[in-house]
Amino acid sequence: MALSEAAVKVQAALLERGLETPMLPSVYSSEERKDKIEHHMKEILTLMSLDLSDDSLADTPRRIAKMYVDEIFSGLDYENFPKITVIDNKMGFDEMVRVQDISLTSTCEHHLVTIDGTATIAYLPRKKIIGLSKINRIVRFFAQRPQVQERLTQQVLVALQTLLETKDVAVKMDAVHYCVKSRGVMDSTSSTTTTALGGIFKSNPATRAEFLHQ
């Protein structure tokens, strides 16, 4: 299946900036990946002394394989990049467009546990305007990978800058990391905030403040 024009542009922009998720070219189909993950997951669970003949566990390796490929790591495959609707800004709209409280669930690439949070996105329209739901879908696409929050924030910024043909984009993410909450230090109250600012959001203090403190 050929990649969409939007997917090709975004991937190229991330590679150029050194912001692409570290990954190898895939040599397997989705079903082949599921079969191999299922096989190895059986070995892992058996090494953990779990009895896979039990009704509750028998299908767990396959469920995990399907979850990895079709859901929580589906953003590793650019064939899943969302269909993007970008239109010419014929009405000359030039005020800030802001979408806040976008829910995101990702996976920490260090321990493969949950990152749970929200994103706020803003841009100043220039030549192009994007369908609002597409912003949410772009966040979700890049969240559905093993991630670090700093890179995720930058990936969403670059994707929107590329598609909107403007640097004037800002991204803010607030998230709870379960690698901190459920293991290690086991801090159940802390959260992490990251920002990525481009164009006027970086150069103009008033615009930056409006985005960050609204």
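Count begins at 1; order follows the chain as displayed.
Just so you know, glycine gets a Cβ as well, placed from its N, Cα and C.
Quick look at what Swiss-Prot lists:
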BINDING   C108, H111, C179  Zn(2+) binding site
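Every protein chain considered, the tally of other Cβ atoms within 10 Å of the Cβ of C179 (Zn(2+) binding site) stands at 17.
In the three-state DSSP reading, H111 (Zn(2+) binding site) counts as coil.
Compute the center of the Cβ atoms of C108, H111, C179, which mark the site for Zn(2+); besides them, the chain residues with Cβ within 8 Å of that center are T107, E109, H110, L112, V113, I115, H177, Y178, V180, R183.
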